[in-house]
Amino acid sequence: MPNPNFFPLPDSSRPSLPMHTRQPTRQGGGGSIRRAKTLVKPERSVAPAPLINPPTIVGSQAVKLVDPADSWDAWRIFSLLITFWAPPIFLKWARISDTPSQQAWREKVALCFLALVLGAFVGFVTMGLDRVLCPTSASIDQSRYSKLGSTPGTLGVEGWEYNISSSTPPANFDFFTIAAQEPGQDITPYFQRGYANFPACQSLSARFANMNVCNGTTCPMGDPSQPATFQMYNLQNTSLIVGYDWDQVANLTDYMVIDGDVLNMQPYMQSNPNPITADPVDAAIRSVLRTRPGSSGRDATMLFYSRPYLKSAVPCLQERYYAGSIDKLTAGCFISTLFLYISLVMIMGIVLTRFGMACIFNWFISAELVKPPRNLSRTVISPAVMPEGANVTVDNEMGTAPWTARAAKKSGKLTKRSSKTSRPSSPSLRGPAAAAAVAAAQPLIQATQIGAELYTVCLVTCYSENEHSIRGTLDSIAGTQYSDKRKLLFVVCDGMVTGSGEKTSTPDICVGLLEADERFGDPMPLLYGAIGTGAKRENRAMVYAGHYVYGKHRTPTIIVVKCGMEKEMNGPKPGNRGKRDSQLVLMNFFQRVTYNDRMTPLDFDMFRKIQVLMGVTPDFFELCLMVDADTRVDTMSLKQLVNCMHHDRMIMGVCGETRIANKRQSWVTMIQVYEYFISHHLAKAFESVFGGVTCLPGCFSMYRLKARKAQDDDWIPLLCKPEIVRDYSQSDVTTLHQKNLLLLGEDRFLTTILLRTFPSRKMIFCPQAKCHTVAPDEFKVLLSQRRRWINSTVHNLMELVRVRNLCGTFCFSMQFVVFMDLLGTAVLPVSICLTYALIVNMVLEPPNSFEKAIPLMLLVAVIGLPAILILITTRKFIYVAWMFIYLLALPIWNFVLPVYAFWHFDDFSWGETRKVEGELKSLGHGGGVAGAYDGTSVPLRRWEDWERSRLRKLRRDERRRREFERMQFGKHLDPFSTSHSMNGLGNGSPFSGSPFQGREVMDDGYDSAMSDTVSVVSSNEDDHWGTQIGGYNENSAQYPPPPITLGADMDDDFLREAKTVGKDEMEAMLEEGFDDRPTNDFSPAYRVPPVPAMDSKYFVQAPPAAQRYRLEDSPAYRPMRPVADSSAVRSQGHARQRSGAAGKPINYGPLGPLDPGGGRI
């Protein structure tokens, strides 16, 4: 039975060592928990479930993913129900043949259906709810009513209010006496009204419809239907309806209400004091007036509308006994009005809150963010200390990285005195270099050693841009007011592609802009694990290293060119894996460096070159700036973004303002100016107050690789956290939701992952940091770009709305803001239609009440407040003009683009945004590529193992070089000369200028117990890892040492501690020479001819180093002759005598006695 603790390594088919387990955490003597000493990555805190699919563990059995066609979850069933009318045969006829594409189409239709339902709901709530709950017959306009008893000198006739102040009443009826008792009371029964006055009652034969209550003595006034009657008595109609409230109806005798109309039933009840048999209407009237208590309000609406015969009597009752109307809202009208006011308060609250918080952020908060950092004198943990959970050996008590411990060991070695027969066994770092190495190895350092300018890697992803765009981007980054010692340009070329209309490929353009470092020679393709499906999950890349020169700036630069595997060389885009893969090249690298995890050959090569270019190991980098290849960064932007990171350690991401560089190029660019501006200064500024900017644009954003804890005693990995890298590096996506997350909006998805993993940390916007980008100038390109952005926004907001522990609570939380953004995005097409319908309705029927003016107020607030924000924050009136251009294009933004995007939910290509020469339409990275990937083709080893193999390779190359020299030149060479110690690469021992003696085993400073991936073949005679290691020696004495970038003030401290040499001592030093001569000899006495490659598998020959310029190379050169009587050149000189050179011929260089290098300058 096999041991369960054994598992196959990804780089070997043989069984490996048993997997080490985490040791129990021990408690120190002081009672505090100390770092666990581990050999492998221990269990970390439980992270949330992956957003997409569980990753496949490299080296283990692949996880079988469930095909959505085989699953029957609720969403799949719902999509099938919505598209039941489209059987598979119909979809095949529509050229949707394969099953995944058919399912994606069904899910797209289901999402569009949901968006349509949401839009219909919003439209109904906006336009139809009021008409349903409060129809025109039931609507109450308070301006049309005069409340009963509120206006003295008035009476009511058939529901209308009449003014009696100048009236002439009949002899037997005093208007003034009745009006004094109750102003506005009904006097309709005192008018003579016949059967012909009530058309609605003529078809009914019941007593309430045909009785005549006026016998000539109780009706002293004439017919109210004749205007002459009112003229006779000089009664003036006020055109107001007498209004009753429910309490007044309850207090009046024989009054009841039907459907909001107040009916005066006194004449009927006085004429019929006893119940009428077989008359249901009479029974209903008496039930309301006599049986029900007065507190009920005597509302007979439900009773009369519940039976057909009673319902048919309602028009007659309203026409014959009408005395006024209830001036209070009905239940439906009350609910409608309440909903309208709630909507007003919520929407105005959101709009005003966003506006106010955006102003506060722009005025006060953002100004504090960009201030220079303070308290740099505090003691903090060193970047060389790995975080909790990293791979630490059992004897590493401080938790520092293995490369840092190695550097400290080298710097602490003593230097032996030089002689004719011996040389130093290993180089020693002196002065600032030694101090920097010792400082880097300490677990605690002063913050001033790093300073205000943190080590920042500037990632520039390239695909098909032209030279002008790439050069402009690199110039802008290199030209920022930020020390070149603290920033690294990291350019990734996504495949061997050529942009549309270009003659030169993108990698050739980028490499042509680089001033390459000659010590690295020509790079070799190295393997790494890529993002893709099938065979595209493995890839190769070449790493070019050097400097990018712009003006006075000389910025260290790494260019990674993804060249692809051998089998895809004849394909259209070899090595192309997408922008997300380009970002993961950097993220995977820093994750493995931070945790001392197993590296790919590409990672180890980048590690070596970054260390040489920057003078520090990559673990000193804390920030990552991501910039697109068509973006221009302003001069102060990088420093301002770094200051934001200094201001609050809880900030894990910050973006600047992106402005359009080609504003006036076309109408397409002109309509985007205001949209770019308001999306930053209103939306992102408001979200920054909560610390939850939902999208950091990929064209200009900065992320924190790792952050110090509050006590400055440990590191918290952020962008390089394994859970972040795992979720962001998903390759196997099956559903429509997953593909929209991963294939369309990488930048927004990265923000979503960070907010989901670290909900208590902040994503903010820095308005002071600006950049300029080139916006689409053609409508088809804009359509393709916004299609990707809108679809990505919808699906990422679906994920964020599920994160419950974001900042805030209830309506004042980021979760509520995200929900409103999701709802607003889904109903954009309906909202613009309702907006124009509202405008037309307001023009045709101007509002005459506050309730009718509420929608207009909301429209003015939504449109007008951003204009006010522009004026009070930027004071640039030109943006108001851009706003009017944007409003003219509002149907495009809110209808055309969203509808097009929603219908293309199943389109995962980049469309017209980035075109490649000869490309028709991309199916996505890895789409349709056959082949399997088991995760064992890309070697993964720890840095210790790669470094050990590198040293073995150097020893093998040195041994072969010496054997070749003995065969070619014999044994007359000086065995201790500097030239003899150089191999074909122009270097010798990686740590000394002396050659290896026979089969001497050089101490590499590493123990096999430090790693769990020790090579199976570990002999000095052979190492199969040599083919995966670059054939150069960055530690060669031929080249200058790496720059000193850590602790720039250490040079001054070293000079202050130095002692002044006296005159006599200086003369002795000049005569006898220095005790310790530098081991770096840049001008060797002679050069060994280049050695041809003996075995390309183990011996890679770099191009010979360029010789220095000599004056004799010039045709016009004439050598100087020494002056005979000069004491400086006499052979009897004191210095020459002391050095043993008396009597020997003097061979001066072309510069005379001042040229000790034999003509080499």
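Glycine is treated like the rest: Cβ placed from N, Cα and C.
Marked as region 'Disordered' by TrEMBL: 1-34 (among others).
Marked as transmembrane segment by TrEMBL: 74-91 (among others). For the transmembrane segment (74-91), the residues of the chain that approach it from at least six positions outside its boundaries are 68, 97, 102-103, 105-107, 109-110, 113, judged by C-beta separation under 8 angstroms.
The transmembrane segment feature in TrEMBL is assigned to 111-129 (among others).
Residues or ranges marked as domain 'Chitin synthase 4-like' in TrEMBL: 242-325.
Annotation source TrEMBL lists transmembrane segment at 338-365 (among others).
The feature compositional bias 'Basic residues' is assigned by TrEMBL to 408-420.
Residues annotated as region 'Disordered' in TrEMBL: 408-430 (among others).
Taken from TrEMBL, the feature compositional bias 'Low complexity' covers 421-430.
Annotation comment: TrEMBL describes 822-841 (among others) as transmembrane segment. Sequence-distant contacts of the transmembrane segment (822-841) (same chain, six or more residues past either end, CB-CB distance under 8 Å): 114-115, 118-120, 122-123, 126-127, 790, 793-794, 797-798, 801, 855-856, 859, 890-891, 894-895, 898-899.
The transmembrane segment annotation in TrEMBL covers 853-872 (among others).
According to TrEMBL, the feature transmembrane segment maps to 879-903 (among others).
The compositional bias 'Polar residues' annotation in TrEMBL covers 977-995.
Sequence annotations record features per position, and here TrEMBL assigns region 'Disordered' to 977-1005 (among others).
The region 'Disordered' annotation in TrEMBL covers 1117-1161 (among others).
Across the domain 'Chitin synthase 4-like' (242-325), the DSSP tally of helix, strand and coil residues reads 46 helix, 16 strand, 22 coil. Long-range neighbours of the transmembrane segment (853-872) within the same chain, counting only residues 6 or more positions beyond its ends whose Cβ lies under 8 Å from a Cβ of the stretch, are 126, 340-341, 343-344, 347-348, 351-352, 355, 358-359, 677-678, 681-682, 835, 838-839, 842, 847, 879-880, 883, 887.
Distant neighbours of the transmembrane segment (879-903): 108, 111-112, 115, 670-671, 673-675, 677, 782-783, 786-787, 790-791, 825, 828-829, 831-833, 835, 863, 866-867, 870-871; these residues of the same chain sit at least 6 beyond its ends, with a Cβ under 8 Å from one of its Cβ atoms.
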